[in-house]
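Inspection log for the structure reproduced underneath, given as structure tokens.
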Amino acid sequence: MMSRDFHFSIFTLPAQQLLSGATAAGGVAIVALATGLWLGPAAAAVVAVGATCVSIVDTPVPHAYKRAAFLIAIVFDSLATLAIGLTGHEPLLQALVVAITSFVGAMLTIYGKTTLALCMSMILSVVFALGVEIGGGMAAVHHALLFFAGATAYAAFGLAMSHLLEARHKQIALTGALEAFADYIRAKAILYDSRTGIETGYATLIERQVTLMERVETARNLLFRHMQSQRQRQMAAGLIAALDAFETILSSQTDYWLLQRQFSGQRDSGALLNRIRIGILHTAMLVDDIAEEIRSGKPSPSLQAVRNEFIAIAETLENVAPLGDGSDADTEHGAALLELRAVLERIGHAIDAIDRLQAVIRAPEAAEDLLGLIKLDEFLPPRPYRLRLIRRHLRLSSPIFRYALRLTAAMLCAFALAAMLTKYFSHGSWILLTVAVIMRANYSATRQRQKDRLIGNLIGCVLAAVALHLLSDPALLALYFASIALAHAYAPVRYLITSVAACVMALLMMHFLSPAGGSLLAERLLDTGLGAAIAALFSFLLPYWERQDLPQLSAALLRASRKYARQALKRNPPEQSYRLARKDLFDAGADFAGALQRLASEPGSREADITRLQAFLSANYRMMAQLAALHVLLRMRGRDLDAKTAETLLAQHRPVLIGLLGGEAEPATTDTASAQNAQGQWQMTAALMQRLQQAETVARQISELAAGMAVAPSPYSLKRGT
């Protein structure tokens, strides 16, 4: 199996980011070199700045988002460049441009992570304009027109490449999601390893699920649009099949504490858990092989070998006899045997689901059957850049509005400091750039970026100093384009490397715009320190802590659980309604987990609070798994259930679960006694009853945790809404 990452020494770069970075660097290089041949190096430098600023927004997103982002970047960046040039001798007017750019850019981040790049593009255009002597008047107009030409040329290139590489971007997005799915399966195997604590295993599992859902969201936004060929339709169906397979893996949730108590210490039985662990790891490898088949066309192996592994484990399990002494230990041992048999059955369903994924990738008929079940457009986000969303956030209780005010204030402070240092340093505007790239809407991201920015700039300055001393201008130009590629590619995955590359890029660009002496490097280091200090100071102005969002996020998670429970506890739920409810629950769980990770680094966070919140998240994960298991049971073994009895049991337990998950208990509509009398008639009815009782147990734990969950206020936070 081929490695799924492009290796850079000790670093790894996913293919999606590699392609994106190469496209950005190639576009800037073509625009700059063509201009240099036509108009000369001075004009080429300004055109390259325009192309560089706009290239930041060239990320793997749907065409509608990319067109809108390019248009906003071209218009706003060009106008900001013109405004800075025309107000060259009016610091107050320049400060107004800085304030407007910072505020508007920050407010645009309400549309999601991808608009962070748009915010940076807008601010970078202002920083570059402040960093050179434009001259005012017609010189400013000429400079802005060159900038506009470079920005427009790159946008045309970016849109053309987006169309040409659309199928490739979709392929990379799908393989990325499958690789994250394989990593999730590997984390599942950890829970069968007695050497690893179960709580640690759960934490890893939830972390991998968050990553998986992020990859799924990216893939969904690309794959479910513009399906212009049969291959693209198969890839869209492949993502749907992968989510179905993920659900079956999720449904293999069991009482790992019970299994490890009963089997990990026994020589023969303990080997069973290890064999299951190895079989699960082999399953993950097969998912990686399917991803490789999509990428290269190399056929992935059949799943029959891993299926045979689990059949052999099941046969071995049949020879494990209960203790037979009637003790409590005997009862628990018997329960563990039953649980292990159920786990093996559900793993078998998971292998069948992965087999269907493989079939969908290979057979158009299988893909069309799956696509015919659902309406894909209902799984996509609304159209981009709706103005009414901004209007809803123009209030002090909004975290984005607070971030916009905080960033604007910090940028104005940086601008004032840069103006005071003009006598001593020629590029004090870089203080503004440092502030902009460090500050984020949440504290944890700001703190991490502050550290990465300081280290990255130190390394970048050293590399640039060596390059400026040893390399000729053509070699420096090549290094400039390479640094664009690295900065662009690593931005979503490893900001430290982006910081190094961006520092080299900025220093080389300023060298081409206005060649200076060695003091440029010292200025860059000083600007970084000053900018980091300002960002750290202003991170406590109108803060919005993660703890302020947790009540809403926990309520959203419970609401999504109730919605999913209503669909999962039906024998034949509508396919569209069920899948939408499942999507909402997966997204709500990922949102809560992400907030909890960020909470841990905030000032004043108490260990007891975090422990309770982690317990709440873990219980909700188990609830998700129990509901998925019930749905899989009803879907796979529904024919083995007496219809009337199953409906009775579901109607009996559904209102209880809904009530425990924070909703209004719905009245049972059937006679519960008939279900209890009938449960002995069918083995599958007993299995359904057991699953429902286990789900209720977890729901009670969630109810208790939700009732006692409270987070201490941050010593730095203001009251909500003030």
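Positions of Cβ are set from backbone N, Cα and C atoms, glycine also.
Taken from TrEMBL as is:
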| type | residues | note |
| --- | --- | --- |
| DOMAIN | 78-347 | domain 'Integral membrane protein YccS N-terminal' |
| DOMAIN | 418-538 | domain 'Integral membrane bound transporter' |
| TRANSMEM | 37-57 | transmembrane segment |
| TRANSMEM | 69-86 | transmembrane segment |
| TRANSMEM | 92-111 | transmembrane segment |
| TRANSMEM | 118-139 | transmembrane segment |
| TRANSMEM | 145-165 | transmembrane segment |
| TRANSMEM | 400-421 | transmembrane segment |
| TRANSMEM | 427-443 | transmembrane segment |
| TRANSMEM | 455-481 | transmembrane segment |
| TRANSMEM | 493-513 | transmembrane segment |
| TRANSMEM | 525-545 | transmembrane segment |
- prompt: Do at least three CB pairs under 8 A connect the transmembrane segment (118-139) and the transmembrane segment (37-57), leaving out pairs fewer than 6 apart in sequence?
  reply: yes
Highest Cβ pair tally under 8 Å against the transmembrane segment (145-165), stretches 69-86, 92-111, 493-513, lands on 69-86
Exercise for review: Tell me, please, if the transmembrane segment (493-513) and the transmembrane segment (92-111) are in contact, taking contact as 3+ Cβ pairs under 8 Å between residues separated by 6 or more positions?
Suggested key: no
Beyond a gap of at least 6 residues from its ends, the CB atoms lying under 8 Å from the transmembrane segment (118-139) belong to 49-50, 52-54, 56-57, 69, 72-73, 76-78, 80-81, 84-86, 88-89, 94, 97-98, 101-102, 104-106, 108-109, 147, 411, 418, 427, 429-430, 432-433, 436-437, 509-510, 513-514
For the transmembrane segment (92-111), out of 69-86, 400-421, 455-481, 525-545, most C-beta pairs under 8 A are with 400-421
Same-chain residues at least 6 beyond the ends of the transmembrane segment (455-481) with a Cβ under 8 Å from one of its Cβ atoms are 25-26, 28-29, 32, 434, 495-505, 507-509, 511-512, 518, 521, 524-525, 528
Same-chain residues at least 6 beyond the ends of the transmembrane segment (69-86) with CB under 8 Å of its CB atoms are 50, 53-54, 56-58, 61, 93-94, 97, 101, 104, 108, 114-115, 117-118, 121-122, 125-126, 128-130, 134-137, 139-141, 143-144, 147-148, 151-152, 155, 158-159, 384-385
